[in-house]
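Taken straight from TrEMBL:
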- 4-217: domain 'Cytidylate kinase' (DOMAIN)
- Gly8, Pro9, Ala10, Gly11, Ala12, Gly13, Lys14, Ser15, Thr16: ATP binding site (BINDING)
Amino acid sequence: MTAVAIDGPAGAGKSTAARAAAKRLGFVYVDTGAMYRAVGCRMRALGIAAGEVERVEQALEGLEVTIRFSNGEQRVLVNGEDVTGSIRTPDASRAASEFSALPCVRRFLFDLQQDLAKKNSVIMDGRDIGTVVLPWAQVKIFLTASPEERARRRFEELKAKGEEVSYDEILSDMKERDYQDSHREIAPLRPAEDAVLLDSTGLTLDEVVERIASLVEAKRG
Ligand code: DC
């Protein structure tokens, strides 16, 4: 099995680029952020705050997160219910960021993520894939872009979906999430020592996909 780890901050274009590169290479695309979103939303629905660690641990015991692939697209199921569409809101992003800082939540998703990479050739994106989840990945990429560019992309994406959003709010949310994700004690966002840094500011999606695919092809020889 071949594993490609793509880490980086929110809005760097990881999921779009990883999905396209996976299609081109015939790999399975695994979006680990969606798993944290699913857990975060579940905790919110149960009225549990990220500070209530014991309640979180208890809730995890009754929680089953399952990943399915349908037409090459990842679906996330929580206790059998497909939540793939409902976890893409700004509140779900915040919940994911808050709950992902808890060791019990990271432990809970770790096996699921490793298992997917054992059974499939994957392009997996997240924050700690190259450093913690798949340290053996043959290709590791740290994909970034400036905060302003990342906020602009997210703004366009949400606007296209017909959502009323403010650019300034997205930018400040993004900076806050960057800070939270890179300053937490456990599995903070940082490039693996052997990761290739790829700055997508000013690059088109095709250029980013091309770069990822050529890194993978070079490794395959
Ligand atoms: O990639 P995303 O925006 O869907 O991720 C949502 C949140 O989940 C993000 O703020 C940090 C967290 N996350 C994480 O801690 N580790 C991962 N491997 C993926 C996401």
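Each position is counted from 1, following the chain as shown.
Backbone N, Cα and C define each Cβ position, glycine as well.
Features as recorded by TrEMBL, highlighted on the structure.
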{"residue": "Gly8", "record": "ATP binding site", "Cβ contacts under 8 Å, 6 or more apart": "Lys14, Asp125, Arg127, Ile141, Phe142, Leu143, Thr144, Leu189"}
{"residue": "Ala10", "record": "ATP binding site", "Cβ contacts under 8 Å, 6 or more apart": "Ser93, Arg150, Arg154, Met174, Arg177, Asp178, Asp181"}
{"residue": "Ala12", "record": "ATP binding site", "Cβ contacts under 8 Å, 6 or more apart": "Leu143, Thr144, Ala145, Arg150, Ser200"}
{"residue": "Thr16", "record": "ATP binding site", "Cβ contacts under 8 Å, 6 or more apart": "Leu205"}
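Cβ contacts within 10 Å of Lys14 (ATP binding site), excluding its own Cβ and spanning all protein chains shown: 27. A Cβ distance below 6 Å to any atom of ligand 1 is met, among the binding-site residues Gly8, Ala10, Ala12, Thr16, by Ala10.
Looking just at the domain 'Cytidylate kinase' (4-217), the mean pLDDT is 94.
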